[in-house]
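Comments concern the structure below.
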């Protein structure tokens, strides 16, 4: 046993210090990034935000809506091959290039993903997703996927430390998904005691990944557009959002009614709700590590997308970054004990 004495920080622990700027307007900021990925060799350009691969966020409807903003969607793994075929038949190549095909690590997952990728060559992203990316089995699956799909861009996670980030990149991942426990409907930290404050995880993993020519996506912990800006400021190449995109018309959650008001259910993918829906219940050897919440209906996701992108542009203007790519170079974090004036929050 040992204790690391240095302080680890989450998004709520910091603010971005403003700096002199030559930008005249938020409209001068370029949010689109262009990437060429280490292993696949593929190039992609767009806004590097990803809708999370949760079945109440990462839906086909969400992918279609967010593609118009050049935002990616990691489509959840519970759609059938037939449902994928129907979606592809009704979607343009421009939508498909903003889609990630999500998979687990079982043999059945591998075969199903292979069938989906064979449906259309425009599907260039694979998201290999497990709660604990530290297992040897997971690393071996990433290597197997890289061998099977040498020209596909592979995103794999989740991890929170530099050495595991490096191992996944060396095993074939182009993008490493970073985050254990920060999600809005994740209870891993309270059920297991395991986790890592998200901003510090992003900073550590970005440093490790960029040294090898890899990239990272910050997954979880964002509650506001300001948090998205902090994730990019900390070095994230991509930011994945779940709760911020939940509760919309495109989110796919079940709608319930209470006292005449309608709500949409949103739950973590390790929650009892998710396991009952997809595997028949919580196995006797494990505990649920997610919760279910009822969200007021939030309308079309386009309004939220515009709010997030607007906040991100504004953050860039405050530090003089004319492009999103420059944000991390222009970011100085200050540690704080307050984020906002909350006097009217309960009104």
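Backbone N, Cα and C atoms are what each Cβ position is placed from, and that goes for glycine too.
Look at Swiss-Prot and you will find 186 tagged as active site, thioimidate intermediate, backed by sequence analysis. There are 25 other Cβ atoms within 10 Å of the Cβ belonging to residue 186 (active site, thioimidate intermediate). DSSP assigns residue 186 (active site, thioimidate intermediate) to a strand.
According to Swiss-Prot, the NADP(+) binding site annotation covers 108-131, 216-239. The Cβ neighbour count for residue 222 (NADP(+) binding site), using a 10 Å radius and every protein chain shown, is 27.
Per Swiss-Prot, the feature K(+) binding site maps to 181, 183.
Remark: residue 234 (NADP(+) binding site) has 199, 202, 203, 206, 218, 328, 331, 333 as non-local neighbours, by Cβ distance under 8 Å and separation of at least 6 in sequence. In the three-state DSSP scheme, residue 120 (NADP(+) binding site) falls into the coil class. Neighbour count (other Cβ atoms within 10 Å of the Cβ, all protein chains): 24 for residue 181 (K(+) binding site). Here residue 181 (K(+) binding site) is compared against the binding-site residues 114, 216, 222, and the shortest C-alpha distance is to 222. When secondary structure is read from DSSP and collapsed to three states, residue 126 (NADP(+) binding site) falls in the strand class.
Mapped onto three states, the DSSP output places residue 216 (NADP(+) binding site) in strand.
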